[in-house]
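A short worksheet on the structure shown next.
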Amino acid sequence: MSVSQGVYAIYDRTTLADDALDRVDAVLAHGARWLQYRDKRPQAPDKALVAALASRTRAHGARLIINDDWRLAAACGADGVHLGQSDGSIAAARAGLGPDAIIGVSCSGELERARRGVAEGASYVSFGRFFASRTKPDAPPADPAVLGAARALGVPVVAIGGIDAHNAPRLIAAGADLVAVAGALFAAADSAAATRELAAAVAAARRSSDIHLLQESRS
């Protein structure tokens with residue numbers, strides 16, 4: 001699979017303990033292609049921790065995305081930033097990070113919001129939640145059909161919200177390129193095994209989807 005397909009792990013510093021770097025290592029070593037650092041706590045960002053994450057993602061050939069804060073992404077050598085609906089403009093992030101940075105945008109379940117994001121320079125679009133989520137329990141549900149519709153935008157499509165190895169294939173089949181997962185990986189008893197299982201499920205669903213598209217093109 002392309003680096004723009006597969007497992008997008010979310011390391012939520014708000015809920016994880018200080019010693020979670022061993023779980024980060026396990027997740028990266030066993031199939032995560034992207035890692036997002038999310039920290040909603042009020043104190044100043046932990047630049048040393050983010051620098052450690054940047055080193056780890058580079059070692060595994062993965063990509064590090066910082067949630068909300070493009071300045072932190074720039075300071076720590078991350079690959080890009082993920083912007084929520086109230087996290088500032090794509091234009092400001094692009095100006096601060098440069099033309100090659102990855103800039104993702106949250107779109108809830110709204111295709112029009114994704115269209116606007118891509119028109120403004122977003123590198124990928126993220127939709128969700130699709131299932132009950134411990135991380136964002138109050139987020140409105142999204143229709144999986146939006147994933148297929150978003151493929152016409154020409155950027156990677158990310159699905160998020162309550163995803164695990166059992167339900168991820170449904171979202172890949174619907175059109176997602178990446179599945180963004182926090183709790184099912186970092187709250188698992190064995191993060192390495194959980195990541196392997198999820199990565200295998202996503203890869204199998206991707207192969208099945210590719211075969212289906214090939215058959216459709218030949219019919």
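Note that Cβ sites are derived from N, Cα and C of the backbone, with glycine treated the same way.
Pulled from TrEMBL, these are the features on record:
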type    : residues                                                 : note
BINDING : GLN36, TYR37, ARG38, ASP39, LYS40, ASN67, SER106, LYS136 : 4-amino-2-methyl-5-(diphosphooxymethyl)pyrimidine binding site
BINDING : ASP68, ASP87                                             : Mg(2+) binding site
DOMAIN  : 7-184                                                    : domain 'Thiamine phosphate synthase/TenI'
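Everything TrEMBL records as a feature, shown here on the structure.
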| residue | record | DSSP (3 states) |
| --- | --- | --- |
| GLN36 | 4-amino-2-methyl-5-(diphosphooxymethyl)pyrimidine binding site | strand |
| ASN67 | 4-amino-2-methyl-5-(diphosphooxymethyl)pyrimidine binding site | strand |
| ASP87 | Mg(2+) binding site | coil |
| SER106 | 4-amino-2-methyl-5-(diphosphooxymethyl)pyrimidine binding site | strand |
| LYS136 | 4-amino-2-methyl-5-(diphosphooxymethyl)pyrimidine binding site | coil |
- line: When pLDDT is averaged across the domain 'Thiamine phosphate synthase/TenI' (7-184), the result is 94
Listed binding-site residues ARG38, LYS40, LYS136, filtered to Cα within 10 Å of ASP68 (Mg(2+) binding site): ARG38, LYS40
- request: Compute all pairwise C-alpha distances among GLN36, TYR37, ARG38, ASP39, LYS40, ASN67, SER106, LYS136, the residues listed as binding 4-amino-2-methyl-5-(diphosphooxymethyl)pyrimidine, and give the largest one in whole angstrom.
  value: 16
- line: Between the C-alpha atoms of SER106 (4-amino-2-methyl-5-(diphosphooxymethyl)pyrimidine binding site) and ASP87 (Mg(2+) binding site), the distance in angstrom, to the nearest integer, is 10
Task: Please report how many Å separate the Cα atom of LYS136 (4-amino-2-methyl-5-(diphosphooxymethyl)pyrimidine binding site) from that of ASP87 (Mg(2+) binding site), as a whole number.
output: 17
Message: Quick check on the binding-site residues: of ARG38, LYS136, whose CB has the lowest count of neighbouring CB atoms inside 10 Å?
response: LYS136
Task: Take the C-alpha atoms of ARG38 (4-amino-2-methyl-5-(diphosphooxymethyl)pyrimidine binding site) and ASP87 (Mg(2+) binding site) and report the distance between them in angstrom, rounded.
output: 13
Query: How many Å lie between the Cα of TYR37 (4-amino-2-methyl-5-(diphosphooxymethyl)pyrimidine binding site) and the Cα of ASP87 (Mg(2+) binding site)?
result: 15
